[in-house]
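To start, the structure under review is shown below, and the notes come after it.
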Amino acid sequence: MILAAGANGGPGLQLLLVLGGALFLGTVGARVLRWLRFPQVLGYILIGLVLGESGFAWITSHMIERLSPFNIFALGVIGFMIGGELHRDAFKRFGRQFIIILIAEGVAAFLVVGALAGVVTYLIKPDVQLATAVGLLLGAISAATAPAATIRVLREYKTRGALTQTVFAIVALDDGLALVLFGIASSIAARLLHVSTGGKELTMIAGLLKTGQELLGGVALGAAAGVGLNWLLRRRRDHDRALTYTIGTLALVIGVSARLGFDTILASMALGVMITNLARRRSGSTFEMVERFAPPIYVLFFVLVGAHLHIGAMPTVLWILAGVYVVARSGGKMLGANLGGRLASAPAVVRKYLGMCLFCQGGVAIGLAWMASGRFRDVMLFGDVNLGVAIMTIITATTFIVELVGPPFVKHAAHKSGEAGLDVTEEDLMVSYTVADMVDRSAPSFRRGDPVAVILRTIADTDAETYPVVDGEGKLVGIISLAHLKQSFGAEGLTAWLVAFDLMEPADDTVTETTPLADAVEQMKLEHLDCLPVLSDEADGRFVGVLELRRIDRILSQEILRRRQLAEVST
Amino acid sequence: MTELTEYLTPERVVVLKSVTKADALGELVDVLVATDGGVSAEELIKEVWKREDLMSTGIGNGLAIPHVRMSGIRLAAMVVGVSRAGIDDYESLDKKPVHIIVLIAAPEGAHETYIRMLAKVADVLKEDTLRQAAIEADEPATIHRILTEGKA
């Protein structure tokens, strides 16, 4: 088929050209956005906008239409990877407390966004069903949180403690919650708006049955496929075939779900959940494999999402809804995190600051919006804007907004909670010290005239490797190292009349008190020295003490331990 | 043959005319500067005294080993001065007069060589008969022979 299309130079070839171009340009866009500290997803979407009908119209809506099965597959991959996170150990590890907070913050965002967006929609266009559908869809999508930017900020400020731990748990798990909420919301919205029943009105009971069938059918299909895939993977251990089986199963699950009218994302997620829980160890490599295979799929998906957008003239009503969405979502997350924290008796820092760490949204929200855009494109919302396009546009616009305002809030929370700076490594700490903080001022040293007997006694009583020799004015004149000293005692008879002055060697390497610690340590490592004499920074260069690697290590690890304990107290 | 052969040349052996420590050290420094030339006599004598001020290098049994390490010196070397009369003001460890002074000079970085030379001099001259023979010899050449051949 491809060969035939290629030989004719037909649309097949055109499609390949678009695929290749989209991948390359999408990656360029992501790099630019990452440089601007935006998530890469937005870079792909921007490139999509440029290539799509809002821009050069290189990617036409016809092509997007032809590629829509691919997009559904990409969402399936996302769902599968999210399912892979939901291992029972994660729940056990994070504990009941996290699950309560997770559900509270997700559901609160859902309810607050749903209610406010629904009311605002109703005020603009008094249609209860439509307003409810808008509320359900935006509410469900609002539960998802993008981990990347949030975690980047926490890492940047080296946070550690209860808040940090909770944020990590929540952002890892709440995409799963969003997927489930969206499955339910989307199915109910479809019933309300008579989508996919050919405009036919179903009875309440029939509607509920249909919703149950969509969700549970998807979950059952994914779970059953998971059992099958697990059986295959257990028999076949080589990687190439494992990847083929996994991708094949995923494609089958998505295809069958779509055919039977099941929720494709929930089905994919169920497959991921099954695989990760049935075979903990083996599944690790399965998800790694898919992860490695996935980047071009993600890039292409988000470029196509961008190409699909008509951002040119976003109607004012959508801007209003976008504003309501951002405010309601932020408020809902804060409220839910606080309530959940109270219910779970979480520490005060979690109750107070968790919400503002959950503002960022990204790929999953956009993926779900895209899902909605396909399903609800025949439902007119305002004027000629259909519900699908509205959701897609609102979520894309708000992603830009929350990715801008979200990170500063995370930073604020990190500092206010007192968890910033508690998760430091020795390298981080080192930057904040100078040699003066670490110098051992009581390190043993010798006067030039000290006889060998004194030298030997001091060496026996101390455990240094190097001993400085100073003159009457306290100036460093040389050093005596143990290695060096050994050579001096090859012959007997010298010990009675030699002094430190005879045994010392020139002190070529020294540092001053104001030298940054990191520079001094680098110098020591470069010269393979365990210690360095330290001089005062004044012009006279008086000997101050000895800088020892062992001592630096000890002080730094004590400080790290102290900070960890501080972080633990807050847990 | 003793281990001093390597460092001691005949022209660096003298019979001392001086009777004080200061003069004797000056005499030996002049000999060294005349045959090495890397440093000036002033610089060298200053360094020698810097060490003497810390602790006398008169190690007893009539022997003194003043020693110095400094950057101007080109090659590790020694100069031997012998005084039959003895130098009373050397302040040696056993308070006795010094009859043989061995001045050792080494380049700054040659710590190992320097310590080895000190050890060898002390080792060779611990023989009473050898020391005695050197003190009683009148000619520098004879002293050189005794010290390098190790026979009285």
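Quick reminder: no glycine exception, Cβ is built from N, Cα and C everywhere.
Automated prediction, rather than curation, is the source of TrEMBL annotations.
Copied from TrEMBL, the annotated features are:
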| type | residues | note |
| --- | --- | --- |
| DOMAIN | A:438-496 | domain 'CBS' |
| DOMAIN | A:504-563 | domain 'CBS' |
| TRANSMEM | A:12-29 | transmembrane segment |
| TRANSMEM | A:41-61 | transmembrane segment |
| TRANSMEM | A:67-86 | transmembrane segment |
| TRANSMEM | A:98-124 | transmembrane segment |
| TRANSMEM | A:130-154 | transmembrane segment |
| TRANSMEM | A:166-195 | transmembrane segment |
| TRANSMEM | A:215-233 | transmembrane segment |
| TRANSMEM | A:245-275 | transmembrane segment |
| TRANSMEM | A:295-328 | transmembrane segment |
| TRANSMEM | A:349-373 | transmembrane segment |
| TRANSMEM | A:385-406 | transmembrane segment |
Best-packed against the transmembrane segment (A:245-275), counting Cβ pairs under 8 Å over A:12-29, A:130-154, A:295-328, A:349-373, is stretch A:349-373
Among A:12-29, A:67-86, A:385-406, the stretch with the most Cβ pairs under 8 Å to the transmembrane segment (A:130-154) is A:385-406
For the transmembrane segment (A:349-373), the candidate among A:12-29, A:166-195, A:295-328 having the most Cβ pairs under 8 Å is A:166-195
Is it the case that the transmembrane segment (A:166-195) and the transmembrane segment (A:295-328) touch, counting contact as three or more CB pairs under 8 Å in which the residues of each pair are 6 or more positions apart? no
Q. Counting only pairs 6 or more apart in sequence, are there at least 3 Cβ pairs under 8 Å between the transmembrane segment (A:67-86) and the transmembrane segment (A:295-328)?
A. yes
DSSP tally for the domain 'CBS' (A:504-563), helix/strand/coil in that order, comes to 25 helix, 16 strand, 19 coil
Contact count check, CB pairs under 8 angstroms to the transmembrane segment (A:12-29), set A:98-124, A:295-328, A:385-406; argmax is A:295-328
